[in-house]
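Student: Summarising the annotation, TrEMBL assigns domain 'MacB-like periplasmic core' to B:17-257. If you look up TrEMBL, you'll see B:288-396 marked as domain 'ABC3 transporter permease C-terminal'. Feature annotation from TrEMBL assigns transmembrane segment to B:287-306, B:327-350, B:370-392.
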Amino acid sequence: MEAVRAENLFKTYGHGATEVKALLGVSMVAHAGEVVALLGPSGSGKSTLLTGLGLLNPPEKGTIDLMGERVLEDGKAFGDLAALRRSRIGFVFQKSNLIPFLSAHENVRLILALNDQMGPETYTRSQELLEYLGVGNRSRHFPEELSGGEQQRVAIARALAPAPPLILADEPTAALDSQRGRAVMELFRKVAREQGTAVVVVTHDHRTLDVFDTIYEMEDGVLSRAEKTA
Amino acid sequence: MNLAMKDLRRQKVSFSATALGLGLLFAIVLAMGGIYRGLVEDATLLVDHLGADIWVVQRDTRGPFAERSTVPPALEDRLRAQAGVASARSFSTATIQRIVGARSLRMTVVGLSWPEDKGQALPLVSGRHLRDPHREVIADRSLGLALGEILPLGDETFRVVGLTQGMLSSGGDGLVFSTELDARAILNWQAPEAKRVEREGRLARLAGTELDSISNQDRLRDERFSPPTLAPFPANAILVNLRPGASIEEVQRGLEAWPDVTAYTAQEQRDLLLKGVVEKSRKQIGLFRALLAIVSGIVVTLILYNMTVAKTHDIALLKLLGARSSVVVKLVLNQGLLLGALGYGFAILIAKFLFPLFPRRVLLGPGEYLGVGMLVLILVTLASAAGIVRALRIPPTLILAG
Ligand SMILES: Nc1ncnc2c1ncn2[C@@H]1O[C@H](COP(=O)(O)OP(=O)(O)OP(=O)(O)O)[C@@H](O)[C@H]1O
Ligand SMILES: [Mg+2]
């Protein structure tokens, strides 16, 4: 099952002298249960692709299908992109992922509330997710009271809460030491395997590439599949 | 999930301090209205209390409150003879400022027409009404006099036998009620030396007239003698009450034909007071109030706008996570409403506990509370709108910029 399919994406920032062609005909697929790495030098367009797939920053050309459903075609949206984001896509970023005035538990429950799930079962669900990610004992803590690794685990728990088919992570381990970084990457694989979620991770850390099923490399707006050399 | 409430948990102190500041502003807006109503109440209090149907004053004056008016007490008898008149009593009042003990007391002396009016109708908080036609007074509590305290006025002393609350003149001075005769004596009192000089003056004026004789000179020198040709102390007005069924307008019209007096109905007297005493204050207070409302509006807008700006990152994150616009709108609006409600709550507390300590009456009814409440609601809603416009413009991708 294809969780996400992108075909021939083009994205240009600015115009005239400041014009930057960030995506030049990018195509990619991520399947349910697959962990995908996105490598590439700085400024190559990785984040642009990720936010494109995340329906935050729609490419002006090309198509994106979520779960086999067309959601974007040549910059034109099919349906409410915000609604798709909150129900179909989980986001994890490098840092400041969490709402600072909500506890870990509430940060997870927030995404359920955004999806109009308010009942008592949301308490159980968010607690279960936090425990699943190894931060069950931190559920009442506020983000500033959590370590970077714990924050990322809470962010992953939140991304998982609405059971989305796709999780997008942009350098989620950049602010962590290598040991904790690796632990987070392994969590992504666990999530993909056990929840059947497709996970696309932008990373610079070549030491964790063994965790991934598929590796893409971006270079000046052009994406290519790299051989796994593990 | 009420995000605004959740946010406030983390900044209770600063939010409460902000609300307290706003509360003070709202309290002043509230006070302005209350002070105005207090002015009106004070201005008309005495007129309402005395309950005359018609006020007869010196011709062409707007007395006795708005300006000085003197009428001879004998006017009472002429008025009693008028058709439709049930009673006529002379009335004197003036504000005096005397040193009593170590205090400087500013009070408005009001004469009650003994024996009909002993102050029974006054709202006494302690003590009793007048029992003796002389040397007893009922004083307002605002003057700080104690029951039983002796008040030296002129060469008489007066005992405070009763205390009222909230009986103030239109100038805000505490009222002191005595019998009408005592009031006239207090207000027209002269030092013995002044009387002696006056007697010398009379002797001098007598000299050279055909009344000048040894026996007349002797009489004028006698301290106990007051020549019948001199007018008694004047009163300031005569209060007239009508027989049941008599027409106020008719009697008033009849009195207007008298060349020496002007007659006002109680309503006209009230209007004179309001126009003269209160009108300027009303404009001033109204202007001040409008200015304050504008200042409050600007302050609330800035606060709410800045609170929204401070949450730019969180709002961007909410949008990125796919929050509906309504979630963002509610966050900002709820914050505004909470701030307004808390500020208004503080304003009510301030009004309840602080306003009674003000030197002048602050009269607040449900209308004032409702009015200012509505104003607060409108202000925070408009102010929130500014924050909302800003919040809705925050791009979700801002979060990625780092
Ligand atoms: N909002 C923007 N406006 C203009 N140009 C942009 C914008 N965002 C990105 N770019 C440009 O597009 C190109 C691709 O940027 P992108 O952020 O996708 O790179 P990246 O691969 O994620 O880099 P990094 O590894 O540093 O995060 C860069 O040249 C960048 O300067
Ligand atoms: Mg990037």
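Cβ coordinates are placed from backbone N, Cα and C, and glycine is handled just like the others.
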Student: Using DSSP, how many residues in the domain 'ABC3 transporter permease C-terminal' (B:288-396) fall into helix, strand and coil?
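Tutor: Residue counts for the domain 'ABC3 transporter permease C-terminal' (B:288-396) by secondary structure: 93 helix, 0 strand, 16 coil.
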Student: Mean pLDDT, the domain 'MacB-like periplasmic core' (B:17-257)?
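Tutor: The answer is 87, the mean pLDDT of the model over that range.
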Student: Which residues, given as numbers and ranges, are at least 6 beyond the ends of the transmembrane segment (B:287-306) yet have a Cβ under 8 Å from it?
Tutor: 18, 21-22, 25-26, 28-29, 32-33, 332, 335-336, 339-340, 375, 379-380, 382-384, 386-387, 390
Student: By Cβ distance under 8 Å, which residues at least 6 away from the ends of the transmembrane segment (B:370-392) in the same chain are close to it?
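Tutor: Distal contacts: 26, 29-30, 33, 293, 296-297, 300-301, 303-305, 307-309, 311, 315, 325, 328-329, 331-333, 335-337, 339-340, 343-344, 347.
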